[in-house]
Amino acid sequence: MNRQSNLLAAFWMACSLACMLLMTIAGRETTRELDVFQVMEMRSVIGLFMLYPLIRLAGGFRAMRTRRPWQHVGRNIAHYAGQFGWLLALTMIPLAQLIAIEFTAPIWTALLAVSFLGERMNIWKTTAIVLGLVGVMIIVRPGVDAFDPGQLIVLAAAFAFAISFAMVKSLTRTETVVAIIFWMLVIQSIIGLVPAIYVWRQPSAEVWPWILVIAFAGSFAHYCMARAMVHADATVVMPMDFLRVPATAAVGWLLYSEQIDALTALGAALILTGNLLNLAGRTTRPQPA
């Protein structure tokens, strides 16, 4: 990849990072007033309208047709569960813990790829999984401090995201990024409709801007990352995404006065190291004899 391509990748990843940070802030602010089910339903429905310009550019609704509807359904059941757990945990634990544990998702994806996609286990993946587990144990510290259910919830969310990521790897062979996002919003709006109606309450004027932010950021973060992957390899793009860990921790400190303890920082460092090793293993090729 040339320098211009890497710069374009960095631009799109900066946009993705901004979207994810905005979604984190908006998610916490909206869930102060509204139930998670309602937030997710509004995000999906409003996000569909916001996606329309990209749908037009991609060829209209005709271009959104798919021959793999059940793969989309399965992927979005997992993604909906992960997103629900992530938003719920957002109300329960500090942002530094949330983002650190969330970043175990790529490690679980590597494990699932071995189990279900036929990829081979190697020393890189094994080390990444071990480091990820050790990092989580350091952050959660079972038996040392009072256990916070939010930590277990976001760990389960990370595993659900991993299932979603593994299925997306298969979908991208035949589907465009815009089509994947389109079906994500359609299917998740259907999944969450009944529970959202059950807990529905009229949003206040103060929360509406945050709802619009979460709808926009939640949809376009995926698009921005996909655009970055067009311009650079995963080994260039994904380390940029790791900036979300310190950036999110900084948001928690600046906006919510959350302290970042040394053990959380150590656990996050181990998880990120595991992710980097997993990426390194993807690009390592056996040397010819």
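A Cβ is built for glycine as well, from the same backbone N, Cα and C atoms used for every other residue.
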Under TrEMBL, which of the candidate ranges 36-55, 96-115, 236-255 is annotated transmembrane segment?
-> 36-55
Under an 8 Å Cβ to Cβ limit, what residues of the same chain, 6 or more beyond the ends of the transmembrane segment (124-144), are close to it?
-> 97, 100-101, 104, 107-108, 110-111, 114, 151-152, 155, 263-264, 266-271, 273-275, 277-278, 280-282, 284
Distal contacts, the transmembrane segment (36-55) - CB-CB under 8 A, six or more residues away | 27, 30, 61, 63-64, 80, 83-84, 87-88, 91, 178, 181-182, 184-186, 188-189, 192-193, 195-196, 198-201, 203, 211-212, 214-216, 218-220, 223
Take the domain 'EamA' (150-278) and count its residues per DSSP category (helix H/G/I, strand E/B, coil), listing them in that order.
-> 106 helix, 0 strand, 23 coil
